[in-house]
Structures are given as structure tokens and as C-alpha cells.
């Protein structure tokens, strides 16, 4: 084997190894040259490992021994290449070279655009760091762990691989530096001051071999006399970026800075007064109080005033906001956050958000501030939010940070590495692979799944689900460290890189490194798995249940029943049902009193509204009034009374507490509440039983004309950022009255489960084949621009309800169907099946969110395993002492039969 340092030495004069005088070469040439599995390699062993034992002879220093071995090989090649020795066998290297030459036609040189999987096995989480290294096919450039490479060879016949083995060596403490552990000062991942999960504590050395299967004949690399094609292929594989690195570049950024800021609408036309004010580079103080921190410069008139109070009582006295109310001057910049690079915290009171000011340097110059001379001296708003979140009760409770938790290792206790705000994905996947249906489909049937795709396993969702399931449940990647192990060794976990890249191909949000909503990701994954398990029983069936909706015409009293499949039960949180209103009121009064005295409340004293699960369920099942309901009995629109029930109960019931909502200013807010979730619950009162005795169904009447939408209002609504389906809903129920009426409707219904679903007016049936599908024009043109025909693009959009992102994914997973003729739609539709049983459930898992919105914060998962609660916090897995059941976001209940 040849290390990089030796390769460097061979490549140029003057380069040296640093360990030659302290190591010896131990030849491992113990097998007969012609036998299967033979390989020639050397182990570098430290001098002290031999002591003075004469049995070992103490040999020659490694550098000298290696030089002699190279000379011996060169001599053999010069004198007897191609000739056989006395035993009739080819000499060493000549045999390997002859075998390699036979397969030159199967060796390819990577070209631009080829994906090189040299960082991780496509079927497992083996890497070059694994004890057996990684084998990269020089035909397809797919990477394999030792247990998968033989099977791949047997099924494809591709025999030549580049074997990469990486050895980790700890950086000496003097190189790392002494001093206290660095504090996190920035809500960011992969950037200075932020979270550095992969901060380098080690140096790595790589060794390479060319391996020929099936006998695993090996040729050390680099070495002379290699065929030019082989040399070029290996060099290119090593030089090109790996598939994961390419994916990170495609995701635009390999770091997250907490938020995405839009350009302020006031930046280009900001008015600045010529009042003679000049702002000094330091020594600022609020013009209306004595505060010297959290100060904001108004860019219009140059006033320096303090900011708002934070929710723990710290911050300012709100004088900057009062000034805006009095003057209308909107843009302010936080003094102390201005850097030489022109970055700073800019807040727009008019837009009520942090914004970007591309003209900031000029606006500051007006007040005598030269940004090239500025240094950051105060915390940015995102840093302050990080500080508050880390010390505030929710973060401490959900991560159980106040407890010394017992780490867990072994099968079923493997963590998932955070790839940069992938905690939402990690939490969901940990929960799914505790369910027997997922284990049976993806772990027990993994060999069959792997055998189904040897061409492009990295792009097969079933393969990657199987790989992830085995990685989590096998225990292979979760060994308990030694007692003397370092903290780094105890943070074990597997990185779901290929899985995340594959998931992101159909959704730009999940492809990015920004934080996402775990509930949205879970629904997206369920849909993706359903589309890719058409010939198998999809494990997501364990979540599926039938929702029954009953409409009663307000005038005729006749009824109509509709049903639809759902996978998650969304529950509203009725704040007015809090059982501790008096305690909450007392806490709010205490908080207000402390703020008046400019004091801070201890975060441990917070009192959240406490709401029972039964109150959420009652709110969900309460009768609601539906306007604009078309009654076929009257042949006109009227009101109807709607009730919602469950017509079936799944094996596992997922409950989503609707904690995230929108404020009147269109900013996202999270309800800081505690919902009492019982360990067991009986939902029999939610059972729907269909048409009851004495009820009369609404007749099948003449369909009303399709709804008409005001095109101007529709465009204005969609320009705000809402989906066309949501906008059509708003215009229909507000009868096209005005933009204000429509936006108010959106505000009230944004959390509805069908908010973005294709809109069908209430009371109107759309049966299979009844209405002709019309493709969205913009989506159709976009798909056609990818090189597909109009017919192919239309078919993809029809299969995905005009969802452009899903249509692209559908095309690549249904290649065989693209040019198949359309059916006439007259065939009887297959009746959808639902699992059903007892309405009694027990709590077996929940996912929690920490933070103020879905775009920031952190997710963790608690699971009941072997009658013990376990916390999964990315790569950290530990016994849970105090599972905070009342602070969850998504809950999983298992049916009790």
C-alpha cells in the first residue's frame, strides 16, 4: 500500500515521509500467489511494537525496505515479465498486470457530469474510513463496501475497482490549540462562529489499490507500468469531486445563516435628511434613555434609539419603534453589527422584518460612517435569538439538557448525522424505522431491493430507504466507545447523504440546507413512497385512514357524505380551552411588571397555557358552517353544516398539532403551549358510520356552472406567494369581493388540511373520468422545456394534479409509461382499501420542535423502545429521563387491539 505522502515523494524531489525512521515493514504475503484472495501488501508497524525480540529481527527501516522491495519488483519485471517461474506460475505483479490488461475494455475514464461515488457505498454506510475501505468501480464509478462489491461484480461482470482506505490520525493538542471550548455565537452551520459539526480534529492519510475481482488481486497505486487508460481513469476519479460534494454545490450553499432576507422596498428610494448629524464610530447611547446596547440608527434622520424588548424581558425600551410610529421613517440599522464587508442587521418597521439594503454603504456614509473602519461589537438579532433559545425553557426541556443522559448503542440505537439543518429529516426517519411495516418492507426485503437495481442505486428511493433502514437497525455503525474514548468517538451516527440528495431532486426546499417543516417533509415522503411502491404493499398503509365528511343542507336538511384518504390527523389548538388561565394571567402580569422595572424573568418560571388533547379533538370534530354550498335539492347555493369523523382507524395514528400559524402582519408564529397528551386514548367518539336511519341523501342533480374567478384578483393573490388552488378557494368563498376580503380568508384558513389541494366547490362531485384534465399552462411549458413532448408533459401533470415538482419526479420514475396510450377512463376504479380496528391507542413516539418558526430551530425525536423512552437528537441517542410529552409537534400512537 502506498500513502499519499509517499505518492508525493515519488512525484517530486525533496518530498519526504515523516515516519520512515520509526516504522518497519511487515510483509503480509502469506497466501500462494495463484490462490483466490491473494493480495500483496505491507503493514507499517511502529519500532516500539517489536521491542528487542530477536525473533522479529528488527528488520530495516520502512523507507529502506520499501526501496528494496520496489527494486526487487522492477528486476522481476525486467528479467521475467511474462515468463513463468520454476513452479509454473507467473511472477508477482506480472500476473496482476496480465489480468488487468484483459479488462481494459471495461474501464472508463470519468467525464464531466459523471457522478463519482467515492465517499460512501451506495448500499451501505461504509466509507474509505471503514476498516475494509471503499471499492469504486472503474466502469460505473459507483462505490461499494466490502460486503456488497462481490455481489455487484457477480451481477454486472464489472471486475476492476479502485480501493480507497483512509486512516484518521488525531491532530496533536498543540496544533488544535488550548483554552476553553468555543461558544456558539452565530445561528449557522458550517461557518465561523456557528455550529461546526465536522470541525477538523484529525488529519487523514489515504492509501490506494487497484483491485481485480473475483480473486481480489491487488496492485498498489501509484506504480509504474500501469496501462495508460487505467492510470488516467484512477487519476480522474481521485481528482474529480465526489457525488456528495457536487450535490452540495448544486444546493447553492454548504452553510445556513439562519434566515433569508429580501431587499427592502425602501432601499432604492430612501429619503435621508441633511440635518448635519454625524454618528461617531463608537460610544453610542439611546437618545431617550441610558441604554448603550441594542441601539438602532434610523437611516432617514440619524436618530440613535434602543430596540424592542425580548420575550425574556431583556433587550431595549422600544424607543426606535416609537420613533417610527411618530415619523414614519422605516429603515434602521443595528449599531455594532456593521462589518467591513458591508454586512449589518437592517430592520424595516414598515415591512416588520429583517431586510437587505444593497445601498447600505452609501446610506451609512451619509451619517459619516465609513464601513471599511467598522468592527462588529454587538450581537446580531439572529445571535440573540440563538442565545435566548438555548437558555429558554423549551430548548432545555426538549433536549433534556438539564439531565445527564445515558448514551445508547447497538441495533436500533444508531444516530443520524446532521448534514446542515437536516434534523427534521433525521427525526422523521428515526420514527418511521421503529414501525414493523417499514422494517419488513425495507430491511427484511433489502437483498431483493438491492438486486432490483444495479444500474443506478443512488437514484432509487427503495434502495436508499433499505440502505438507511439497515444502517439504523443493524447496529453496525453504533459501537459503544471504550471508557477512555474521546467525546468525539461517542458521537456516532450515519450521514443520510444519498437519501437527502435523492429526496431533494423532487423538491427544491428539501434539496437546500435550510430548515424545513417536519410535517411537510413527512407528507412529501409518504407521497413519494406511495408512487414508488405500486407493485408492493406500501408501508405507509399503516398510517392511512378514511376521513368522513357529512354535509347537511341548511334549507332542505338533506345530507351528503364524502370521504377521502389521509395519513396525518391535523388538530387545531384552542387557546381558549386552557385549563390554567388564571396561572397564565398571573405570569403575564408578573412578566409585564418585570419589564417595567427592566428586569428579566428566570426562564424556569415560564407558565404556558395547558390544553388537553380532548379539547383539540373536540375542536376538530365540532360542526362548522360552510357557505356557498351547492344544494342539488334546491339547485342553488346555500349554507350547510359540516361535521368531520374518521371512518377507519389505522394501525398507527399520526397526530399533527397545528402550532404554526400566521400573524396579521403575515409573519409566521409558533404557539408556545403545552398540550397534555395521554399515554393511552380512546377515539371511539370520532367513529363515523355513514348514512344513518332517517337521513335522506341529496339527489344527483344538475351540476352548477363552474365557478368564475376575478382574474385580476387571482393574479394579485398569487403574486403574494399563495398557490393558485388556495387563491381560488379564497375568491370563491369571498365571492370575488376584494383583495382584502380574500387575504383575510387566507389568513383564517391557511392551516386547513386541504388549503393547497385542487379546489372543488362544496357540494359538487367530480367523479373519475367526468371532467377533462386541463394542464397548467406555465407548468406544461416548463416540463416541455426539459425536452419532453406535450403529450408526455400533460400525462405527468395529470398524474400529479399540476404539481410541477412532482411531475418532474413522476417522469423519471415512470419512463415506461410516458408513451403508453391513455385509457378511456371507463374502467371501474379500484376501490381504495383501509386498515381498520380498535379505536384505542397508546403513545409510542413524538417529534418536537424548538424555536419560534419552522424556518429556525431544531427537531428531536422521542421513541418508546423496549418499554423505555429514548431521545434521538441527531447523532446522539440516549435514555430519556423526562420525555416532554406536552411539548411535541407530531405524535405517533399505536393501535391497541
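A Cβ is built for glycine as well, from the same backbone N, Cα and C atoms used for every other residue.
Lifted from TrEMBL, the feature list:
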ACT_SITE  423  active site, nucleophile
ACT_SITE  858  active site, proton acceptor
BINDING   286, 289, 306, 319  Zn(2+) binding site
COILED    577-604  coiled coil
DOMAIN    262-371  domain 'UBP-type'
DOMAIN    414-896  domain 'USP'
DOMAIN    707-749  domain 'UBA'
DOMAIN    774-814  domain 'UBA'
REGION    53-85  region 'Disordered'
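Locations of recorded TrEMBL features on the structure.
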{"residue": "286", "record": "Zn(2+) binding site", "contacts (Cβ under 8 Å, 6+ apart)": "292, 295, 304, 305, 306, 316, 317, 319"}
{"residue": "289", "record": "Zn(2+) binding site", "contacts (Cβ under 8 Å, 6+ apart)": "306, 317, 319"}
{"residue": "423", "record": "active site, nucleophile", "contacts (Cβ under 8 Å, 6+ apart)": "515, 858, 859, 860, 874"}
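DSSP labels the residues of the domain 'UBP-type' (262-371) in these numbers: 16 helix, 21 strand, 73 coil. DSSP assigns the residue listed as 'active site, proton acceptor' to a strand.
Across all of the domain 'USP' (414-896), the predicted model scores a mean pLDDT of 86. Same-chain residues with CB within 8 A of the center of the 286, 289, 306, 319 CB atoms, the Zn(2+) site residues themselves not counted, are 287, 288, 290, 291, 295, 305, 316, 317, 318, 320. Take the CB of residue 858 (active site, proton acceptor) and look out to 10 A: across all protein chains shown you find 21 other CB atoms.
In the three-state DSSP assignment, the secondary structure recorded for the residue listed as 'active site, nucleophile' is helix. Around residue 306 (Zn(2+) binding site), taking its Cβ as the centre, 25 other Cβ atoms fall within 10 Å, counting all chains.
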